[in-house]
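Chemist: Right, I'll just put the structure down here and ask away after.
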Amino acid sequence: MSHATGSRAAGATTACKVIVGMSGGVDSSVTALTLLEQGYAVEGLFMKNWDEDDGTEYCTAKEDLADAQAVCDTLGITLHTANFAAEYWDNVFEHFLAEYKAGRTPNPDILCNREIKFKVFLEYAEMLGAEKIATGHYVRQGWRDGHCRLLKGLDANKDQSYFLHAVPEVAIARTLFPVGEMEKSEVRAIAERHGLTTARKKDSTGICFIGERRFSDFLKQYLPAQPGVIETPEGEVIGEHMGLMYYTLGQRQGLGIGGLPNHPDAPWYVAAKDLERNVLIAVQGKHHPLLYTDSLSTEPVEWVAGQPPAPEARLQAKTRYRQQDVACHVRVLEDGGVEARFDEPQRAVTPGQSLVLYDGDICLGGGVIRSTWNHSEPRGDSAA
């Protein structure tokens, strides 16, 4: 499952052994470098989580592996490789497809972190004799009352705690996050100063197994599209959609609506999905009231510390990555989920995405958004 190349760092027999998840990017490169400088016995591991065999240019695994190997050679450390594609398919990708089939918009990166990077990778690193693992995520650790807390990264623009909220405390405690204490510009400067080949490499974006290809082209390989009509909230048919799974709430691009009689010349936005009728509901105007909601409920919450801070609490929350924290009142439900009521209505809150809860810089955990409503009108279960 793994092969090793390179040589171990000097003094590794007595120092704490750490295996760094090497992605071939600048963040994991500087993570390995920093830990070496701090005296750890560092080795790297490159994970292949997706088997790309269609001969396209979309999968960058070979290029990323080459970059990871080049960095490890420069640092003089071992690079292991491991193929976790089967585990990824079973524990992440099948859930991804099931959610889209059900009309929701999932976030596979969150599940990948919980199931692969901080579970399968951690277990594999233990097999290799590691005491800890490390990743290039922009988050920090903190300890309070004997518990390891997940904290936001120092660089607010790069903070990735949203994606790590479902990782349990025991895994957070076993992981080092050196770049979480740095600004992104500092990370690149360190890599440049030490001659690392990844210093100017572009950050990866989007879902790893889709790459730069069109999302609809990828998804239709696995799920048959079911075209239908686009309606206004009043029931007027104004267009056709390619399949509900290709659209998300608040979306403007790709609707193909324009020049309609008796309607102003203003952009249209996805407001809801009627799953039973296979109808997409669209409204005009970026700030149309139907695009906003002030309340939601979630599936059972993954609390980093294993339990909620209180049955009810005033907290801050994000409903999407890079959103500014918003104030809300949270109540824990009997099934382990939460009900959140925002101080101000939020735009395009999407079932299938995650509500992540914070107490200042502490990421408490989060859960998948199940339903949303505004005032007394639920709309999340049947109109995702």
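Glycine residues also receive a Cβ, built from the backbone N, Cα and C atoms like all the rest.
On a predicted model such as this, the values are computed, not experimentally measured, just so you know.
For G21, M22, S23, G24, G25, V26, D27, S28, M47, G136, the entry in Swiss-Prot reads ATP binding site, with the evidence type sequence analysis. Positions annotated as active site, nucleophile by Swiss-Prot, on the basis of sequence analysis: C112. Annotation source Swiss-Prot lists disulfide bond at C112-C208. According to Swiss-Prot, the feature site 'Interaction with tRNA' maps to H137, Q353. Per Swiss-Prot, the feature active site, cysteine persulfide intermediate maps to C208.
In the displayed structure, how are the listed features positioned relative to their neighbours?
Modeler: Of all the Cβ atoms in the protein chains shown, 21 others lie within 10 Å of the Cβ of G25 (ATP binding site).
There are 25 other Cβ atoms within 10 Å of the Cβ belonging to C112 (active site, nucleophile). Under DSSP, C112 (active site, nucleophile) is assigned to a helix (H, G or I) in the three-state scheme.
Non-local contacts of H137 (site 'Interaction with tRNA') by the CB criterion (under 8 A, 6+ apart in sequence, same chain) comprise D27, G153, Q160, F163, L164, F177, V179, G180.
According to DSSP, Q353 (site 'Interaction with tRNA') is assigned to a strand segment. The Cβ of Q353 (site 'Interaction with tRNA') lies under 8 Å from the Cβ of T105, P106, N107, T319, R320, V368, I369, each of which sits 6+ residues away along the same chain.
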Chemist: Need one number for the ATP-binding residues G21, M22, S23, G24, G25, V26, D27, S28, M47, G136: the maximum pairwise CA distance in Å, whole number please.
Modeler: 16
Chemist: Test of understanding: give the count of other CB atoms lying within 10 angstroms of the CB of M47 (ATP binding site).
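Modeler: M47 (ATP binding site): 25 neighbouring Cβ atoms within 10 Å.
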Chemist: Where C112 (active site, nucleophile) and G21 (ATP binding site) are concerned, what is their Cα separation in Å, rounded?
Modeler: 13
Chemist: Among all the protein chains here, how many other CB atoms are within 10 A of the CB of D27 (ATP binding site)?
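Modeler: Excluding its own Cβ, the number within 10 Å is 26.
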